[in-house]
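Input: a single structure, listed below in structure tokens.
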Amino acid sequence: MSSKPEPKDVHQLNGTGPSASPCSSDGPGREPLAGTSEFLGPDGAGVEVVIESRANAKGVREEDALLENGSQSNESDDVSTDRGPAPPSPLKETSFSIGLQVLFPFLLAGFGTVAAGMVLDIVQHWEVFQKVTEVFILVPALLGLKGNLEMTLASRLSTAANIGHMDTPKELWRMITGNMALIQVQATVVGFLASIAAVVFGWIPDGHFSIPHAFLLCASSVATAFIASLVLGMIMIGVIIGSRKIGINPDNVATPIAASLGDLITLALLSGISWGLYLELNHWRYIYPLVCAFFVALLPVWVVLARGSPATREVLYSGWEPVIIAMAISSVGGLILDKTVSDPNFAGMAVFTPVINGVGGNLVAVQASRISTFLHMNGMPGENSEQAPRRCPSPCTTFFSPDVNSRSARVLFLLVVPGHLVFLYTISCMQGGHTTLTLIFIIFYMTAALLQVLILLYIADWMVHWMWGRGLDPDNFSIPYLTALGDLLGTGLLALSFHVLWLIGDRDTDVGD
């Protein structure tokens with residue numbers, strides 16, 4: 001009665017159907033596997049199950065390899081099973097090629113931050129900035145949107161372009177519409193939350209709260225965030241598509257260019273919109289809630305578009321934590337700026353803050369985007385691969401190992417001093433900052449800038465790998481934290497430097513002239 005199982009029953013024991021059997025030939029040149037009857041003894045049912053299970057597993061691996069490579073090859077059976085799906089090959093880059101590709105966008109981004117600093121140095125004397133000082137708290141938070149949104153968008157699209165997810169027009173259009181809709185949702189929400197943070201941080205020290213000023217901050221913040229994200233998002237898409245067509249790695253150019261115009265456009269919009277709304281403070285106060293209501297009413301449209309793209313659907317639901325926390329961190333930097341910019345002992349903070357914050361954020365965003373792309377080329381977040389996440393990398397590993405990410409960290413760090421010297425000279429020629437560029441001032445400024453970038457590059461190496469190990473996509477989660485930390489470190493270290501210079505005395509530094 002207990003005869004050995006039929007072949008059909010053997011398939012069922014192994015959890016596979018007849019169609020999954022690898023014994024059938026899938027194409028020319030494939031050798032058929034040996035039949036199980038050759039290996040069966042008088043009571044060898046168990047041997048048959050093991051052989052069939054291995055054969056099925058082998059067939060599944062072969063089919064997965066063919067699907068992953070996207071082509072039906074004529075390779076032998078041994079080749080198809082011994083070699084797994086080949087990941088995309090990383091771009092071969094030397095230190096010179098990395099520096100050459102990063103240098104021009106870095107300088108362009110730096111001049112953008114210099115222009116933003118000059119604008120802030122001018123508008124800080126406007127009546128709206130004098131009467132509604134909480135606008136200063138909005139400055140780092142809204143300028144940080146380039147890290148929360150535009151740089152994250154640039155990193156996400158750069159990774160998608162490098163791994164071949166934007167090669168067809170259909171994929172390209174889906175990525176564009178989904179990502180543009182996503183950043184409009186995030187910009188509106190983060191702009192609204194930034195205005196609330198500005199009101200709270202402005203109210204806590206003074207104990208004074210003005211409802212018209214609160215509505216002014218809300219309308220200015222939401223309108224600025226929405227328009228700036230729309231303009232910069234379209235610029236980013238054009239940069240990434242163009243860089244791929246001319247053979248440049250988008251990771252090296254997209255994020256710096258996002259910042260080159262980001263600070264200037266955002267600060268100009270914030271100044272102009274807040275000034276225009278302030279003029280209507282005593283005549284058309286109801287325009288403030290109408291502006292807020294208009295942009296909030298557009299949210300359902302952007303949500304529907306963002307949900308329609310698989311690439312942005314997950315970020316729409318789970319990507320809020322980093323942008324909101326990053327906004328809060330940047331707002332703390334804004335509070336420092338608000339308390340120092342009007343102090344004569346800190347003259348020059350307004351023009352130098354966007355520069356030091358922007359340069360640090362640009363460099364660390366490039367590094368985070370490069371590490372993320374490197375990891376994506378070797379698997380998916382959370383997978384165990386040869387590039388295993390490092391929980392606590394040593395500084396020597398981050399900056400002095402022979403791998404390409406350490407090489408890029410050294411190149412980016414070496415750009416700090418010559419870059420800042422160029423930017424300081426430009427500010428001096430434009431007579432901005434109300435600060436004489438003496439040797440001791442330059443030494444303190446460079447020390448703060450080097451320390452900021454050194455800390456940021458080390459944190460980026462740890463954070464990107466740590467997030468990858470937890471199954472989080474670093475393109476969506478790491479850059480907002482890193483650029484926000486750059487804003488806080490830059491503003492804090494710069495304020496500390498100005499304070500030490502004030503303690504040394506005006507005779508040595510001429511600060512405040």
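Count begins at 1; order follows the chain as displayed.
Backbone N, Cα and C atoms are what each Cβ position is placed from, and that goes for glycine too.
Curation plays no part in TrEMBL annotations; they are all automatic predictions.
Quick look at what TrEMBL annotates:
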{"type": "COMPBIAS", "residues": "1-11", "note": "compositional bias 'Basic and acidic residues'"}
{"type": "COMPBIAS", "residues": "13-24", "note": "compositional bias 'Polar residues'"}
{"type": "DOMAIN", "residues": "139-273", "note": "domain 'SLC41A/MgtE integral membrane'"}
{"type": "DOMAIN", "residues": "353-496", "note": "domain 'SLC41A/MgtE integral membrane'"}
{"type": "REGION", "residues": "1-42", "note": "region 'Disordered'"}
{"type": "REGION", "residues": "60-91", "note": "region 'Disordered'"}
{"type": "TRANSMEM", "residues": "98-123", "note": "transmembrane segment"}
{"type": "TRANSMEM", "residues": "180-204", "note": "transmembrane segment"}
{"type": "TRANSMEM", "residues": "210-241", "note": "transmembrane segment"}
{"type": "TRANSMEM", "residues": "253-274", "note": "transmembrane segment"}
{"type": "TRANSMEM", "residues": "286-305", "note": "transmembrane segment"}
{"type": "TRANSMEM", "residues": "317-337", "note": "transmembrane segment"}
{"type": "TRANSMEM", "residues": "409-427", "note": "transmembrane segment"}
{"type": "TRANSMEM", "residues": "439-459", "note": "transmembrane segment"}
{"type": "TRANSMEM", "residues": "479-504", "note": "transmembrane segment"}
Contact set, same chain, for the transmembrane segment (317-337): CB under 8 Å, 6 or more residues outside the stretch: 136-141, 143-144, 147-149, 152, 182, 186, 189-190, 193-194, 197-198, 201, 349-350, 353, 357, 476-478, 480-481, 483-485, 487-488, 490-492, 495
DSSP residue counts for the domain 'SLC41A/MgtE integral membrane' (139-273), split into helix, strand and coil: 120 helix, 0 strand, 15 coil
Distal contacts, the transmembrane segment (439-459) - CB-CB under 8 A, six or more residues away: 352, 356, 359-360, 363-364, 367, 393, 395, 398-399, 409, 412-413, 416-417, 420-421, 424, 482, 485-486, 489-490, 493-494, 496-497, 500-501, 504, 508-509, 511
Intrachain neighbours beyond the transmembrane segment (479-504), with Cβ under 8 angstroms and 6 or more residues off its ends: 140, 143-144, 146-148, 151-152, 155, 255, 322-323, 325-327, 329-330, 332-334, 336-337, 340, 345-346, 348-349, 352-353, 356-357, 360-361, 364-365, 368-369, 440-441, 444-445, 447-449, 451-452, 455-456, 459-460, 463, 511
Interface present between the transmembrane segment (98-123) and the transmembrane segment (286-305) (three or more C-beta pairs under 8 A): no
Stretch with greatest number of CB pairs under 8 Å, the transmembrane segment (98-123) reference, 180-204, 210-241, 409-427 candidates: 409-427
Sequence-remote partners of the transmembrane segment (409-427) [C-beta within less than 8 Å, at least six residues beyond its ends]: 95, 98-99, 102-103, 106-107, 110-111, 113-114, 117-118, 351-352, 355-356, 359, 363, 366-367, 398-400, 433, 437, 442, 445-446, 449-450, 453-454, 457, 461
